[in-house]
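Enquirer: Before I ask anything, here is the structure I am working with.
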Amino acid sequence: MCNVSQDSCNIDSRLDSLFPPTLYIFVMVIGFPTNCLSLWAAFVQVRQKNELGVYLLNLSISDLLYIATLPPWVNYFLHQDNWIHGPESCKLFGFILYTNIYISIGFLSCISVDRYLAVAHPLKFAKVRRVKTAAVVSAVVWAIEIGANSAPLFHNELFEDRFNHTFCFEKYPMEDWVAQMNLYRVFVGFLFPWVLMLFCYQGILRAVKTNVSTEREEKAKIKRLALSLIAILLFCFAPYHLILLSRSVVYLGQPCDCTFEENIFTAYHVSLALTSLNCVADPILYCLANEGARSEVTRGLAPLMKFFSASRPNMDSFARSVTLDTPWSSRRAAAPSPRSWSLCGQTGGRGRRSRVRRRRDCKC
């Protein structure tokens, strides 16, 4: 163990006082309303007995909790990494901030597995894909991530640097238990879910490719959505966990060497800020690009649409903008083709006739 003092690393916290707070403000402005819409749309799907809505609901709650912690962190970075709200609030907001990263990843994994079962094995796992099962799985995800990331609640997380700034959830060099916890976060909290998601979406692509009844346009839509998810997951979370792993490995090898910490400090904070973009990507990829959820959002915004656009009789163009069509969602159709597959997650009807139809159409 390194016995150097807590301010032995000459960290200049003034270097990153612009980018993180700017990005956090952007995420709050965009992420809060879109996740509120996602929350409402997911709730509607849950009421329709759609198990995908359960995961979307929990994902939106996780993102909103994350966004709720951003204002004090904006203040923290604007004051050059100086926490002024006391030790208990540091523990609380830091715990929520870091834990929700992995809760979000956990529910993205749940959605990936659910979509894989729906597309690749629509009949074999039909009984597993139920609202009650999704609720139990969601409770397990919350319990595991909260328990696995609760250690900082029992340690002092305020540390002063050479500028008399009070760091929150940051110590340079880090402590032994933090380095070990970081390894768990990297391999269990990030790498394992990412490999699982990659496996699921490769299975989805194989199932779509081998099914001759799937239309070409629908195949392209599913592939774009799948590949875009992997890309955004890598963009939002991979840089942070790569740097986190590097910091932990270097510390465990040379606990008293601050050179690496000093050189990578700004990059570490930038990568941490990039994880917040997941709160903007989630509702676009998994809710607003969803046929059922998109129609619910459009219908829910209809009163506001009429109120703010009373002088504009033609509402068609506005309705198209509300759907937030992205490169991952093709233009909206009047009704899904009976020969096409979808990642919509809509629950079919009960009974023998619906099962025969599902077997013939191979739909979600």
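Note that Cβ sites are derived from N, Cα and C of the backbone, with glycine treated the same way.
Just lifted these from Swiss-Prot, have a look:
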| type | residues | note |
| --- | --- | --- |
| DISULFID | CYS9-CYS258 | disulfide bond |
| DISULFID | CYS90-CYS168 | disulfide bond |
| CARBOHYD | ASN3 | N-linked glycosylation site |
| CARBOHYD | ASN164 | N-linked glycosylation site |
| REGION | 157-172 | region 'Extracellular loop 2 (ECL2)' |
| SITE | GLU145 | site 'Required for activation' |
| SITE | HIS155 | site 'Proton sensing' |
| SITE | HIS165 | site 'Proton sensing' |
| SITE | HIS269 | site 'Proton sensing' |
| TOPO_DOM | 1-8 | topological domain 'Extracellular' |
| TOPO_DOM | 46-49 | topological domain 'Cytoplasmic' |
| TOPO_DOM | 81-85 | topological domain 'Extracellular' |
| TOPO_DOM | 122-129 | topological domain 'Cytoplasmic' |
| TOPO_DOM | 157-172 | topological domain 'Extracellular' |
| TOPO_DOM | 211-214 | topological domain 'Cytoplasmic' |
| TOPO_DOM | 251-260 | topological domain 'Extracellular' |
| TOPO_DOM | 290-364 | topological domain 'Cytoplasmic' |
| TRANSMEM | 9-45 | transmembrane segment |
| TRANSMEM | 50-80 | transmembrane segment |
| TRANSMEM | 86-121 | transmembrane segment |
| TRANSMEM | 130-156 | transmembrane segment |
| TRANSMEM | 173-210 | transmembrane segment |
| TRANSMEM | 215-250 | transmembrane segment |
| TRANSMEM | 261-289 | transmembrane segment |
Enquirer: Which listed range (9-45, 50-80, 86-121, 261-289) shows the maximal number of Cβ pairs under 8 Å with respect to the transmembrane segment (215-250)?
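Expert: Answer is 261-289, with the largest number of Cβ pairs below 8 Å.
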Enquirer: With Cβ distances under 8 Å as the criterion, find the stretch in 9-45, 50-80, 86-121 that has the most pairs with the transmembrane segment (261-289).
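Expert: Looking at each of 9-45, 50-80, 86-121 in turn, the most contacts to the transmembrane segment (261-289) are made by 9-45.
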Enquirer: Roughly how many Å separate the Cα of HIS165 (site 'Proton sensing') from that of GLU145 (site 'Required for activation'), to the nearest whole number?
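Expert: On Cα coordinates alone, these residues lie 30 Å apart.
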Enquirer: Measuring Cα to Cα, how many Å separate CYS168 (disulfide bond) from HIS155 (site 'Proton sensing')?
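Expert: Rounded to a whole number, the Cα-Cα distance is 12 Å.
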Enquirer: Please report the three-state DSSP label of CYS168 (disulfide bond).
Expert: strand
Enquirer: List which of the recorded positions CYS90, HIS155, ASN164, CYS258, HIS269 have their Cα within 10 Å of the Cα of GLU145 (site 'Required for activation'), in sequence order.
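Expert: Hits: none.
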Enquirer: With helix taken as DSSP H, G or I, strand as E or B and everything else coil, how many residues of the topological domain 'Extracellular' (81-85) land in each class?
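Expert: Split into helix, strand and coil, the topological domain 'Extracellular' (81-85) gives 0 helix, 0 strand, 5 coil.
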Enquirer: Counting by DSSP secondary structure, give me helix, strand and coil numbers for the topological domain 'Cytoplasmic' (46-49).
Expert: 2 helix, 0 strand, 2 coil
Enquirer: Where does the mean pLDDT land for the topological domain 'Extracellular' (81-85)?
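Expert: Looking only at the topological domain 'Extracellular' (81-85), pLDDT averages out to 87.
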Enquirer: Using all protein chains shown, find which of the recorded sites GLU145, HIS155 scores highest when you count other CB atoms within 10 A of its CB.
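Expert: For the recorded sites GLU145, HIS155, the Cβ with the most other Cβ atoms within 10 Å is GLU145.
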Enquirer: Looking at the recorded positions CYS9, CYS90, ASN164, CYS258, HIS269, which has the shortest Cα distance to HIS155 (site 'Proton sensing')?
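Expert: Checking each of CYS9, CYS90, ASN164, CYS258, HIS269 against HIS155 (site 'Proton sensing'), the shortest Cα distance is to CYS90.
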